[in-house]
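Annotation comment: TrEMBL describes A:18-443 as domain 'DUF112'. Feature annotation from TrEMBL assigns transmembrane segment to A:12-31, A:108-133, A:145-161, A:168-190, A:202-223, A:261-284, A:326-347, A:359-385, A:391-411, A:423-451, A:474-495.
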Amino acid sequence: MWDGILTGLGTAVMPFNLLMVVVGCFAGTFIGMLPGLGPISAVALMIPITYGLDPASGIILMAGVYYGAVFGGSTSSILVNAPGCASTVVTAFDGFPLAQKNQAGKALALAAYSSFTGGTIGALILLFAAPALASVSLSFQSGDYFALMLLGLTAVAAFSGKGQVIKALLMTVFGLMIATVGTDITSGATRFTFGSVDLIDGVSFLLLAMATFALTEVIMTVLRGQHREAEPEMDMAALGSMKLSREEVKEVAPTIGRSSVFGFLVGVLPGAGATIASFMAYGLERNLASAKEKLKFGKGSLRGLAAPESANNAASTGSFVPLLTLGIPGSGTTAIMLGALIAYGIQPGPRLFMDNPDVFWSVIISMYFGNLVLLILNLPLIPYISRLLAIPRPILIPLILFFSITGVYLVSFNTFDIQMMVLITVIAIFLKLLAFPMAPMLLGFILGGILEKNLARALTMSDGSFSFLWDRPLTLVITLIAVAVLLFPLLGTVLGKLRGKGPEAAVAEGEG
Amino acid sequence: MLSKLFTHRSTVLATALTTCLSAGVVQAQVDSVHFLIPGGAGGGWDSTARGTGEALQKSGLVDTVSYENLSGGGGGKAIAHLIEVADQSEDTLMVNSTPIVIRSLSKVFPQSFRDLTPVAATIGDFGAFVVKADSQYTSFNDLADAYLDNPRSVTVVGGSARGSMDHLVAAQAFKAAGGDPRMVKYLAYDAGGKAMAGLLSGEADVLSTGFSEALALADAGEVRILAMTGPERSKAAPDVPTLKELGYDATFVNWRGFFGAPGMADAKRDEFIAVLEKMYGTEDWARVRDRNGWAEDFRPGDEFVAFLEQQEKEVGELMRELGFLR
């Protein structure tokens, strides 16, 4: 193994490959920043370029573009509430409120540090444990994924503000309902398509996120502007300090550590991925927070920003485990990279790190460099990037609209998607005016589809019996954790009330 | 990077423009081909069209090649589009594959290959049955016997919905073995790679997937291929028996090929066929083919139509028996 690592190191530090890391990171960051254009578009754009390169350089370039795009996606989430890609949707929940409080510089810097740490911790785990982790990712069956998604859904409380529990639950159910549109792979039947060819493939998560966040936000800004002209406009150019105080570092350090490891583990599972990792890390972090800190989530909590940012980068790194060691892509982006590897005549699998040690190890080592490059590239750029906010609104708003719509269109090249975006935006504006939170709907949507497919498979396997929930220890453990997370706050409230400490317990209950 | 995307779109526009201008002029050879891809970037249709285009252009058989992605409705969106703009689409070739037959049978979209001009099938893949390396099943006969004994004891996993290709191929094989095809216990995943993870996690006994994908997986040493659905053994893997030689009368070809707009002139169609046939001899094609692990399977013109009709009949009967068609 050490020979392999040394070969990989030798390949990775070759000047040309280092250049590929820099080029990949730069291109990825830039594409990722554009709302809606995410890693999948960025990596797909690189395919023709990589044909001319040798395998290690080609994959290093693609990997650089991939995590560069995940890195860059957070910028537009924070600055304009228009997620750069699916896995940075959660970043906007606390990142954008921070930017609104004139702390854009701090938010961007924290996102960069979190991404860097997440990516680096991920690369280190990958370096030392990739082959061993492969077997972990294979031990997950449909029933386990179902239990894991249940656990994910318990995070819904994290996505609702105070006193919005019922509304948050309603929106989660709404998200679950939208997830059922399209072809049901278990039965082969189409559901809720109303005979339309365009709905057969269902609704894409990116489209839903762009419509409910980017477009809705922009249009709400316009609507507000008409009514409250007098309101002192936020000093958009004010970057705020980029520095984190010692207390703030102390506050987020454990968050970044936990979320990185957690995100990596979720990313290793072929059925989950970076977006789910970011949602779950956010939920986990809020569940761990004290009652007082919980109130800050969604209003510009540093922990709420650091958690998804570390998790999505660590998960992107983690998704290389099944790709490289098993040849199994966990996401659309890694599927494209698998195609590229095979086109080079390299078959990823358990023997990759023996057959092609230069490719295997150099890619992993280049990730370490890549994260460093991203940090060096991004920190000095923050003051310039955030000047984006200084652009006058009459110019900025059409720009956001343009990029959001183009970004979604360039994935499918289907104009129906644009019409659907407009429709969803109109619905979202109504819901938002009625103070319904959007985040729980996205949570319900992204988990709902996976939840249902895995439940259906697990039930098929057990011939319709729910016994799969306790037949395997792994499933049972995850289910019990989910139930515990769900019932624990409730139990606390009940006990508190029995002891006659009603008012305090109500604070500790945390809308659980 | 973005400008690249827009250049791509403007090429499309430019091509459309030239097409309009040159309409009516008799062309001696194929000047330009515009590929219509019914799916997004990076998929199987995308790589087939772009690989074919690359070979045609680099070998000098075609001057200009342009591409247009239009996904939606399992390919239905692109078919409708091609029919709608048929007048201006005489240079357009739409890539498609076996699912066009299955999806038109199951009425995912209202059109069928009859509404288009089938030009030629160019490459083909077969179905394959894959088990874990340590599986108790060492031959397809073992698996078929277990199925005959108790169909619910064999769990099949595949990378497409129930009632589509991977499921149908498995049902066809077990039917040929004398079992009830409706009893197949099938776990549907939305991609072949994820189905493979399902097989390796131990939740299924056998994976039904494409032969070329199966070969790549078997090379990695984690799995074994029990059988494939070709009419004879493949040169790429002469050890893998066909279902036919094992005594099960079942063959299945997943072809990929090209369609023109409805009403395409016979002369134009023959030009395309000639140019595709010439392509097989070029080095550029050999490189693209080997890079993607494709197997050549050329069925031009009327032969293609006859083949499509035959496949529609066979698949239709099976789907009716399984209850997917009334």
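Glycine is no exception: its Cβ is also placed from the backbone N, Cα and C atoms.
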Tertiary contacts of the transmembrane segment (A:12-31), as residues 6+ beyond its ends and Cβ separation under 8 Å: 37, 39, 41-42, 45-46, 53, 56-57, 60-72, 75, 361-362, 365-366, 369-370, 373-374, 377-378
Local confidence of the domain 'DUF112' (A:18-443) - pLDDT mean: 84
Best-contacting stretch, by C-beta pairs under 8 Å, relative to the transmembrane segment (A:168-190) and drawn from A:202-223, A:261-284, A:474-495: A:202-223
Same-chain residue ranges lying at least 6 outside the transmembrane segment (A:359-385) that approach it to Cβ under 8 Å: 4-5, 7-12, 17-18, 20-22, 24-26, 29, 33, 55-56, 59-60, 63-64, 67-68, 71, 75, 79, 105, 108-109, 112-113, 115-116, 119-120, 122-124, 126-127, 130, 239, 242, 313, 317, 320, 324, 346, 352-353
Same-chain residues at least 6 beyond the ends of the transmembrane segment (A:202-223) whose Cβ lies under 8 Å from its Cβ atoms: 35-36, 38, 80-83, 85-86, 89, 92, 96, 178-179, 181-183, 275, 393, 397, 400-401, 404-405, 407-408, 411-412, 417, 420-422, 424-425, 428-429, 432, 438, 441-442, 445-446, 449
Distal contacts, the transmembrane segment (A:261-284) - CB-CB under 8 A, six or more residues away: 70, 86-91, 93, 118, 121-122, 125-126, 133, 136-137, 140, 145, 148, 151-152, 154-159, 205, 304, 307-319, 321-322, 328-331, 442-443, 446-447, 450, 454
Long-range neighbours of the transmembrane segment (A:108-133), counting only residues six or more past its ends (CB under 8 A): 5, 67, 70-71, 74-75, 78-79, 91, 95, 242-244, 252, 256-257, 259-261, 263-264, 267-268, 302, 305-307, 309-318, 320-321, 324-325, 350, 353, 364-365, 367-368, 370-372, 374-375, 378-379, 382, 385-386
